Amino acid sequence: MAIQRTFSIIKPDATARNLTGAINAKIEAAGLRIIAQKRIRLSREQAEGFYGVHKERPFFNDLVTFMISGPVVVQVLEGEDAIAKYRTVMGATNPEQADAGTIRKDFAESIEANSVHGSDAPETAAEEIPFFFSDDEIVG
């Protein structure tokens, strides 16, 4: 496998409970490096743009409202097979179905407030990373 980069968001439910450090520890324990990170508050426009792929889905407005409800931590992660590895560390979207020890099993409050987002494919990561980070903000 090759070294990849992936994108992560620590969502408002997790930042509100001061879980950034605990989530970062799980990321690093999995062998992924955090090569860019910043804590921000998304505007409605940013959230709508980022989640635009879901615009026609019934949950879109609730998702946007949730994502602007508090600070988030956006990150670029790097490592061997980073996309698949981070998806394993995150666990299933529904925390009730997530494996023990995953971020969502340990920290998520619900399927909506599931603590983290991660890119699902190289193409997605290639779009999501520059949405929040310029090249000079990523320190490999």
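Backbone N, Cα and C atoms are what each Cβ position is placed from, and that goes for glycine too.
Noted in Swiss-Prot for the protein shown:
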BINDING   K11, F59, R87, T93, R104, N114  ATP binding site
ACT_SITE  H117  active site, pros-phosphohistidine intermediate
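Using a 10 Å Cβ-Cβ cutoff, R104 (ATP binding site) registers 23 neighbours.
The ATP-binding residues named in the record, K11, F59, R87, T93, R104, N114, extend over a maximum Cα to Cα distance of 22 Å. Between the candidate recorded positions, F59, T93, N114, H117, the densest Cβ environment within 10 Å is the one around N114.
For the binding-site residues listed here (K11, R87), the lowest count of other CB atoms within 10 A around the CB belongs to R87.
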